[in-house]
């Protein structure tokens, strides 16, 4: 195949003996003035295009590769194949055959990785320590030219995809997303089921098998079209040294039998066609020079073949046809909420990158200031939130959506709510738009681009690769997505306004779709009972009807609501963007205490690193009234909601102008966070403080906030089971925390009079901790603190009286709190398994614990998720207690298996890790030490990250600002013996001093019964005893290829088989044989039905409150360092 030469003349051929040749784009890349990185775009002879980024200050490298095919390019008969490819691609390569080679390498080198399958693209990415980039990139590149797609992993990754789908099955977001896809015009690829499940990926194989078209014997391993898929030279799968006594036989594992082999064959066939080098866009960020990075990319990625495919396949046909428009879709939700979404077709957004008309119109539709849709509907008591924006659905088509979260009253009036959206659009169509609207938007984007700060390198690499596909000149690939052109006022047709008018004129009721969301009883209360249809993949109940003629007529009439009008100029646009930059020899590593008064401790650090005209202000106001009871805790939350409710109109312009605030309830009081351009930060701060002090509580808004709080509490329990179990686990170890069920019991009966009394008490006596970081002087910070004190005017209190306090489980304890998953339709149980390590304040213990956690985390994922297939959600991490006083190791698993069984497998994993630690070579241990040290040496990437690091120490009260540096210096002194000693005393199940507590959350949804191999063989023996000839190979191939079959599947097979032997076997004999199955299964239980055995010595927590009262309280916090910033520091 000839080299794929770029057609643009600004490309230069680079050929040297050090690496493969490539083409280099010679024009300078347009970047932010604040960006100190160097950029280069290159293109390899195989068509792969890459952006290499030299960052001299980087302490973390990263890469992302984007392939321009996603799930819309799945074969019609195999939904989810692109997603399955993303999963199986990670399971070893010819060059690096071990299935966890990549993840293990990254884990040792302070790295991590992930991938996602979109509609039109699939993105793979990682981050790693800078000096480990070459090794990581070599392992990464091999995925795209010599993956193994190991047959032994097929069945397990099918299970992983299936588990991921089941994780999302009760999620309204996923359900409604798929329903909108399902309701596309017939045959449109948008309707495809993207995530896939085992059924969708195996159906072709099962159908072929049923027709006798699949060979039952194991075939030779197929190779890809270019011959890269060689048989694994060594097994990529390492057997568990501690297998479950109920582990499946090899016959029911591995390649998934003939059906699994067919799925893999189709995958290899699809990959060999669709994963073409010309469809790949790569970004690599490292410390190496641009020449070195270019050579590395050329050498490692040149082997990827170009298969002659369209580099950027487009789908220009929109899924909304005439039959899908002007429709009302009612959909039943799992969670308790009321919402309406109005959507309209748009062209692909990237094609309109200059003037971005979708964003321009969303500026008005989503506005929250006076005259806006939001303001009008909120004042009517109909909505609690509104969002609007354009969204690319796929490469080729997009959508603009207006989504409103409604109150109960709003849902009762959903018709008027929805009509208001169309009336506002009619107002826009009849309005003149002075050019200053677009100029204002352009200015704000330009300012944001000019002062853009760095972010995590893997996030940035993903952003770059996704935007390399934009149809813009290569020098604009960074700037075009972030900037917008002003209108050319001399050319109203082609100068920007005409394009906007064209889009606006398309946002009409006859082209839109309305989706109404609520639970079934709410729909039927408001709209009456009717027949519901069911979406095939999630079972979402819905109904579709055409918008009636009366609605259509009203929606097309001119706006008649006088309260709707266009916004005025934004007074918060910053005008002073000067940065007070003073050269420093070495940036300060901590803030300084500049004011310590009875009411406020103020910490400050003038920015000496990032040099942007921004500041971050964090204020923690602690008060004993905030959380004194469950009812008080709810009222504090409602108070913060009501304050925010009154601030919306005023603060929205500030938010648009890059200046945001957050006022929220906390366990110990309330907090105020202000961040953004510092020019007008004091204006916003003063208004926030005045609203907090003088907010007028209104009974009708209180009812709205109570209803929202009630729904939030209820919906948490309807969420993923692993979140609920983890929440319960933290609750057991936190002294002053009211569980959501207690809050739920209080919220409905709270009165406006109670709220007024609580608001008066809340800030009558308090102490605040305040941190200011950024482009603000010491005097400016002090002035801000004084403004806060003068306006809020609270009496002082002892700051040590209000602290987060952890509870500590006793040594030698093995505790379990068991309860049920609240959502009765959630198939997944979960386990939260916590092992207490000790004080977070003791440096050697803290560092040893972090090193042990790092060593265990990657094997936990590899063993419990990848190898044992317990479920999609598996994590092992360090858990820091409330108040930052203590630490432990936490394992969280969500699975269709029961929590007792999950705990058994965790204990087996820990037993396996004992051997791993003892056998670990000195070189590997040093790699782990170096990886952890590099993580702690990482510099903050932006002002926000730096602020958060300081705040952790101020909020806890320990003030140990240099902890990361000290801990990093300590890592190398920790020995392997230290790690093993901690593991054996605090983690291993055999330890008599281990303090362990687990939360067992049991699913209430019965699992379909399965039948194990032993029972199937016993049933076969019964048939043989009756003189019935049995084709052993046939039933094993039919029933065991995908693991243990469902009992219903097994029963159906034998009923049909026995019926086919009639009349030699009478129906009575057949019925007698089938009736023997329950007894056989009782004697030979299926592996999948084994629920585990509770270990001897486990103590169950029967009364959580009494249990918490019995635990030892952590010591109150104290400063670990006396910084002597003030002559007489009182903190």
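Every residue, even glycine, has its Cβ placed from backbone N, Cα and C.
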Have a look at 212-260, 261-309, 310-358 and point to the one annotated region 'Disordered' in TrEMBL.
212-260
Would you kindly check 52-187, 263-436, 449-746 and say which stretch has the most C-beta pairs under 8 angstroms to the domain 'Coenzyme PQQ synthesis protein F-like C-terminal lobe' (851-951)?
52-187
Tally of helix, strand and coil residues over the domain 'Coenzyme PQQ synthesis protein F-like C-terminal lobe' (851-951) according to DSSP?
66 helix, 18 strand, 17 coil
Taking every residue in the domain 'Peptidase M16 N-terminal' (52-187), what is their average pLDDT?
96
Sort the residues of the domain 'Peptidase M16 N-terminal' (52-187) into helix, strand and coil with DSSP and give the three counts.
61 helix, 25 strand, 50 coil
